[in-house]
Amino acid sequence: MGFKAIIVGGGVGGLTLANILEQLNIDYVLLEAYGDFTPEVGASIAMLPNGLQILDQIGCRAAFSEGVYPVQTVRVTRQGDLAATIEDWSTRLIKRHGQGVEFNDRRILLKALLGGIKNKEKLLLNKRVCKITTDESCATVETTDGHLYQGDIIVGLDGIKSTVRDEMRRLAAEQSPGYFPDDEWKRVPIEYKCIFGIGKGNKYLPPGSSTQVINQGFSYLVLGGPPGKTYFFLVEKLPKKIFAGETPRYTDEDAKAFVDKHRNDVIIEGCTFGDVFDNHTSFGMTPLHEHAFDQWHYGRIITLGDAAHKVNPIAGQGGNAAMESVAAFANFLKRRLDALPSPSASLSAADVDAILRDTQALRHERARQVVMYSRTAQKTYAREGWLGMKLTYLLPLLLSQEKLMESWASVMADAVRVEHLPVVFRPHYVPFTVELPAKPMRRRVGLERTATALALAGLTWLAGFGIRAFGQLPDAMFGQPFRQTFTGYGVDRIFRVLTKLFAVGLASPVPEQRLQLAYFVPMMAPTVLIWLVEAHRRGNAQTLFGRLLTWPGFLAVLYQLLTIARVGPVYFLLTLLLSFNPLYNRTGARSVDPDVARAVLPAVVLGYVVPSVLMLLPPSVTGPALWQDFATMWQMAPVVVGPVATLIATGIRSARRAATTKKGGAVVEEQGPELEMYKNKDVPHLLTAYKAAFFATAALHVGFLAYVVASPSLSLSKLFLDVPWPWSPKGARWEVGLSAREIAFVLFKRDLFGFAAANLVWCLHSVFEMRRLGYVTTAAATKAALAVPASLLLLGPGAMYAGTWFWREKTIAGLSRMEAGAEKKKQ
């Protein structure tokens with residue numbers, strides 16, 4: 001006897017599951033309590049990328065989307081005053097996820113889903129479930145008309161007031177007392193009531209527009225639907241929170257009173273709620289349950305959709321979440337059926353339990369997050385509490401358009417699709433989780449991050465260990481007194497100390513000390529380069545905390561004053577904290593302005609490499625006075641790289657515009673920086689910069705090692721490793737009795753050691769993060785993790801850092817699927 005599923009409920013979730021099972025050749029019957037699959041109940045529905053990709057897979061997308069205008073303009077108003085506007089909303093979502101946001105009548109979606117089912121004999125109307133029984137081999141549903149339906153699994157998609165859930169609880173109470181809490185239903189909160197409906201078109205609410213209205217204790221979502229239609233939602237907070245056991249039933253009189261109370265509310269200038277409602281064609285009023293149940297299944301029964309996770313409508317995720325849940329169920333079911341030894345074999349009770357358990361395990365946390373996400377959005381727009389009131393005024397300032405788009409990515413990226421149906425290829429910049437090379441890691445992440453943080457903190461402490469004074473620095477070098485005045489301000493004292501400190505090292509009679517500086521200074525170039533790139537990452541610029549990393553000049557001042565061995569670990573610690581925000585790791589956060597990407601390499605060469613070469617020239621070539629000035633100028637080199645990059649990028653932009661004008665064309669930016677990012681135009685320039693830094697510093701490292709090894713009078717240990725440690729005999733008093741030159745030698749060696757160690761820790765952490773996110777396989781991450789320390793020893797810390805960033809940049813950029821003919825299906 002073959003498998004058979006019993007679907008209870010003919011709504012969005014039920015009809016979607018019916019389509020999927022039919023196309024997977026899995027037998028089912030669908031029982032609908034009412035007499036019509038497509039009733040006119042006055043409701044609209046939003047289809048978002050996660051739901052649209054499933055509609056694509058089951059072939060119902062065209063029927064739903066015909067005549068629909070994707071939401072392009074999102075407006076936020078406060079009492080009629082425009083607070084914020086986002087244009088090209090769906091265009092950006094399509095670039096990111098392959099799909100936009102589409103609103104249509106719920107009835108049209110149901111018709112599209114109904115039309116996709118070929119064998120409609122399996123769809124039964126007027127079949128209200130009244131009783132369910134189960135045993136070890138099957139489950140039976142009894143309907144109020146006296147019919148019995150037998151199958152292997154019952155799927156309850158019959159809404160928040162689910163009969164299937166009631167029966168599941170009853171059976172569990174009889175067979176496994178305590179499996180469900182006795183007061184489970186009474187725990188479901190209701191904090192809002194909502195009036196919703198469909199109206200005629202309104203000139204102030206054009207097709208493809210979404211207007212979200214912020215008010216104290218209530219909010220609106222009003223949408224311009226297909227031509228001639230408007231969809232509206234008015235949500236108001238109840239006087240006090242109630243629970244599902246107290247669910248009110250609203251009458252037409254209740255709805256009329258609710259409308260009259262808000263009739264004069266301004267939606268947008270020129271349009272009140274009364275104007276919208278008076279042109280309605282249908283409407284309804286309901287309390288809003290918001291809850292994800294802790295347990296979705298028992299025995300051979302599972303509840304999905306609103307029967308398992310009910311979402312506030314403000315985020316438009318209700319129908320989409322139901323579609324994801326039924327897709328997940330179908331995936332696990334198909335896997336188990338395919339694993340049976342023969343078509344006639346049956347699923348065991350253990351198989352059924354595994355299917356239902358795996359479905360909940362995959363979907364529960366995501367469903368809970370969507371419920372919380374929607375609840376938070378509602379509280380914000382209804383300006384609940386002091387914080388909610390303040391946030392609604394600060395949102396336009398705190399959240400950029402890109403930040404808002406990226407906040408959606410966290411909801412869309414983990415979307416479930418139907419594994420065994422073809423995926424309609426649509427170019428998209430942000431990969432779905434199922435498309436990644438490996439499954440993201442959810443466990444043991446905190447341990448690695450804690451270890452990384454402790455290592456970086458330890459290196460910061462070690463960098464400053466025992467440094468109290470430099471002793472007496474010379475007033476002249478090679479008979480040339482040091483310059484006393486540079487700017488005429490107090491900063492001159494810092495310039496004098498730093499110049500003398502480098503001068504005593506570069507003019508040291510100890511060859512290892514001179515070589516150490518000649519090695520260390522250019523080895524910093526990849527750090528200057530990479531920190532400059534990170535300063536221009538779109539993701540860093542989109543968060544308040546990330547903006548700390550967008551000031552490369554300020555960071556350069558810090559590490560010039562406090563040493564890179566101290567500031568480097570602190571920088572990486574800040575980045576570690578920033579990486580807790582998923583925005584930091586998205587492919588959309590990776591991009592850099594293409595003009596800046598072209599500018600970073602020449603900026604580092606002009607702003608850092610050239611001053612470094614001039615400082616490292618021997619005084620016999622430049623003369624003592626100029627040599628000292630070059631040493632002073634170098635102190636500002638890392639600081640000026642950022643402004644130099646900005647100047648070069650501006651020049652590139654101006655030259656392009658001038659060339660366009662000369663050819664007689666209009667000076668128009670192709671699509672604006674927000675849309676240009678999806679072309680990955682920055683990637684070739686960044687990879688070139690990393691390669692240049694890698695090969696230059698690798699050659700330097702190999703050359704230095706060869707030179708020292710070939711010179712019997714030189715010592716690698718003295719060059720790099722001979723430094724006092726906390727556990728050495730002198731401990732924290734190591735500098736006692738040493739000259740300023742000797743202290744400087746120890747300081748620079750310790751600085752180089754701390755710099756190299758911090759880069760090693762960070763590169764290893766970055767490799768782990770790539771694996772944690774699923775961006776590389778375990779095998780690829782293992783190879784990279786082995787290559788990092790090997791490259792440190794063989795090629796030097798600069799090449800290690802540049803090489804790791806080359807690999808990271810190329811890998812993340814390669815995750816996007818924007819090219820025509822790209823891989824259409826990866827599961």
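Note that the numbers count up from 1, one per residue, in the order the chain is shown.
Any Cβ shown, glycine's included, is placed from N, Cα and C.
TrEMBL labels come from automatic prediction, so no person has curated them.
For 5-167 (among others), the entry in TrEMBL reads domain 'FAD-binding'.
Residues annotated as domain 'FAD-binding' in TrEMBL: 281-331 (among others).
Summarising the annotation, TrEMBL assigns transmembrane segment to 568-584 (among others).
Using a Cβ-Cβ cut-off under 8 Å and counting only residues 6 or more beyond its ends in the same chain, the transmembrane segment (596-617) has close neighbours at 502, 506, 517-518, 521-522, 524-525, 528-529, 532-533, 536, 627, 630-631, 633-634, 636-638, 640-642, 644-646, 648-649, 652, 681-683, 685-686, 688-689, 692-693. Annotation source TrEMBL lists transmembrane segment at 596-617 (among others).
Residues annotated as transmembrane segment in TrEMBL: 632-652 (among others).
The feature transmembrane segment is assigned by TrEMBL to 689-710 (among others).
According to TrEMBL, the transmembrane segment annotation covers 784-807 (among others).
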Secondary structure content, the domain 'FAD-binding' (281-331) (per DSSP, counts of residues): 20 helix, 18 strand, 13 coil
Sequence-remote partners of the transmembrane segment (784-807) [C-beta within less than 8 Å, at least six residues beyond its ends]: 522-527, 529-530, 533, 687, 690-691, 693-698, 700-702, 752, 755-756, 759-760, 762-764, 766-768, 770, 776
Predicted model, mean pLDDT over the domain 'FAD-binding' (5-167): 95
Residues of the parent chain within Cβ reach of the transmembrane segment (632-652), under 8 Å, 6 or more residues beyond its termini: 483, 486, 495, 498-499, 502, 521, 524, 528, 532, 535, 552-553, 556-557, 559-560, 593, 595-596, 598-600, 602-604, 606-608, 611-612, 614-615
